[in-house]
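Everything on this sheet refers to the single structure shown next.
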Amino acid sequence: MGCCGSTERTKREWKPLEDRSCTDLPWFLLFTVFCVGMGSICGFTIATGGAGRLVFGYDSYGNTCGQRNEQIEGVRLSGLDQTDKKYVFFLDPCNIDIVQRKIKSMALCVSLCPDEELKTYQDLKRFAMHNGSELCSYELAGHKYPSLPERFDKCPKLPVPPSKSLPVFNRCTPVDISCYAKFAEAVVTFVSDNSVLHRLIGGVIASKEIIVGLCLLALVLSMILMLIIRYISAVLVWILTAMVVLGSLAGTSILWWLYIDHRLTANKTLSKETAETTETKDAEEEAEMTRDNAQALLVYAIAATVFTVILLLLMLFMRKRVALTIALFHVAGKVFIHLPLLTLQPFCTFLALLLFWMYWGLVLLFLGTTGNPVQNEETGLTEFRLTGPLQYMTWYHAVGLIWISEFILACQQMTVAGAVVTYYYTRDKTRLPVTPILSSVLRLMRYHLGTVAKGSFIITLVKIPRLMLMYVHNQLKGKENAFARCMLKTCICCLWCLEKCLNYLNQNAYAATAINSTSFCTSARDAFVILVENALRVAAINAVGDFVLFLGKILIVTSTAFAGVLLLNYQRDYAEWVLPLIIVCLFAFLVAHCFLSIFEIVVDVLFLCFAIDTKYNDGTPGKEFYMDKALMEFVENSRKLERVVERGRSRPTEAVSVEGPEMKPMAPGTSSA
């Protein structure tokens, strides 16, 4: 049964349906409930004061600054009216716990941050009397600071650096950040000379306009590459083929040459030793070692020969499938010409992920200041911690990070798949919808959010144990034995491979859903059957196509880096080039990866549509192909080759016509530019 009380179709029509039905409705409801739970966590942190404590800050006695507070049982100096004291002041702001990433100093609510350096307790007294802002603990009177014996423990560490409050979070932060030197040293341990760090940062600041320009250049190059890759894909594919063949032949030849050279040298040495001296035990051992080395080289050479022969045979038999990869790249380039809004998909996805990650991080900070007040046994300061069942909210929030992130990425895949399916199954390209991308988004939101939620949840189930094993591996680094380390790495690797396979299957399942409006499991099963029936084609497209796209990424990165070297040439100090170029290259690779990932999705969806088209249609009237002209030419060439092979096998006396039905091309107007 389908959702909404409809019955799923038992017979696949394999063409975009106008009459759609919602799919995987229970999973959509489950995902909605989960998102409500995520929002409830945020509401809980706000209602219980965690958000307020993060924004306004709180002192070491549990009082929120800038507010009237209630008494906390068992905590002295709590429940104070801090309405006039809006800023958090740390007695020792440089006392940072690098492991826990927090300040261990006592915190107080003050009415004003010190804007000048205070060197003595007399200066503290003067600041308190003139500005009304007492910087020592609440029970100490400001006019008695210089004479109180408690001043060494409950007053700020001298000298007090000048500070100013943060724009949103009302914390008094030292103006001179040099007091965080220990923290900086722990973060950038690779820098042994501070002058080097200063020069690197100075190079970035001096080259900020160039960096921005090069980042825009990488963006433009990525968009251009997606449009022209259909023209250069054939060259890249055959260059790759030639490199693989020549590399395997060269490696095999070198191994045979080494074997022959080693054998001849060994024979000469043994003959000389036999003629000059009597055979000894050492000579026997040396002869045995020589024979072993020659035998090993012979094994390597034979293995390389077998590998090369198999590789050449594969290249021979898969050359048609390589041609299919080239044809798919050619059609994918046309897709981007007809659907230019596809180039905006990486921006939309990145913006959605960025907004969600910002929200997630903010709520995580709220959780850090939410809970019951607990006195730290080590420092004696009051902290807020989640206890009992409430502590599982953090785990729930962590699962939400993975599931919703995967959900956003899956929505991108479904949107692209829907648009490409519409393009493929529209014979007359001049009659494409005005906005296929928008139509795909609307179909997704109206019918298929449950399917996307289910697919992303499956990826989440695999990713969570992998991340947990990675965490355990990092925590036990240097403590576990070799067997445990090997087992952990094996499990992590297996889960990573499983996640990649499921990602690929999910992507094809979304395309099947976009075509037939079937549920996730049904679509995944149908797509899996199609992929298995075309296993060799899938292997060729993934192997050759992925390498071509990788070369595209390298092309964008190297072009951007070369332009950066030319623009930074006037900065003669090489050290000033390093960090700007690293930043630019990383950004260029990220942009290229995002854009070419969309191109890869388009190619995969086109292949699934092509495989379905060739399975259920044969070009006869009533079963016309939907495919593009380039793919039609590939099918015609394949059929001609099959006819030639079949004629060659048949005897002349029994020769029969194998012309087969004439393929009917697409309707007029289908040939694309």
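Placed from the backbone N, Cα and C atoms, the Cβ positions cover glycine too.
Here is what TrEMBL records for this protein:
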type     : residues : note
REGION   : 647-673  : region 'Disordered'
TRANSMEM : 25-47    : transmembrane segment
TRANSMEM : 210-229  : transmembrane segment
TRANSMEM : 235-259  : transmembrane segment
TRANSMEM : 297-317  : transmembrane segment
TRANSMEM : 323-342  : transmembrane segment
TRANSMEM : 349-368  : transmembrane segment
TRANSMEM : 395-426  : transmembrane segment
TRANSMEM : 447-464  : transmembrane segment
TRANSMEM : 547-570  : transmembrane segment
TRANSMEM : 577-599  : transmembrane segment
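By the Cβ criterion (distance under 8 Å, sequence gap of 6 or more), the transmembrane segment (297-317) is not counted as touching the transmembrane segment (323-342), fewer than 3 such pairs being found. Within the chain, the transmembrane segment (447-464) has long-range Cβ neighbours (under 8 A, six or more residues past its boundaries) at 3, 20-31, 399, 402-403, 406-407, 409-411, 414, 495, 498-499, 502-503, 506, 509-510, 513-514, 517, 519-520, 523.
The recorded stretches the transmembrane segment (235-259) and the transmembrane segment (395-426) do not share 3+ CB pairs below 8 A when only pairs 6 or more apart in sequence are counted, and are therefore not in contact. Spatially, the transmembrane segment (323-342) is adjacent to the transmembrane segment (395-426); three or more Cβ-Cβ distances between them are under 8 Å for residues at least 6 apart in sequence.
Here the transmembrane segment (349-368) has long-range neighbours at 38, 41-42, 45-46, 50-51, 54, 386, 393-394, 397, 400-401, 404-405, 408-409, 411-412, 594, meaning same-chain residues at least 6 beyond its ends whose C-beta is under 8 angstroms from one of its own. Contact check: the transmembrane segment (25-47) against the transmembrane segment (547-570) gives fewer than three Cβ pairs closer than 8 Å, residues 6 or more apart, which falls short of the contact criterion.
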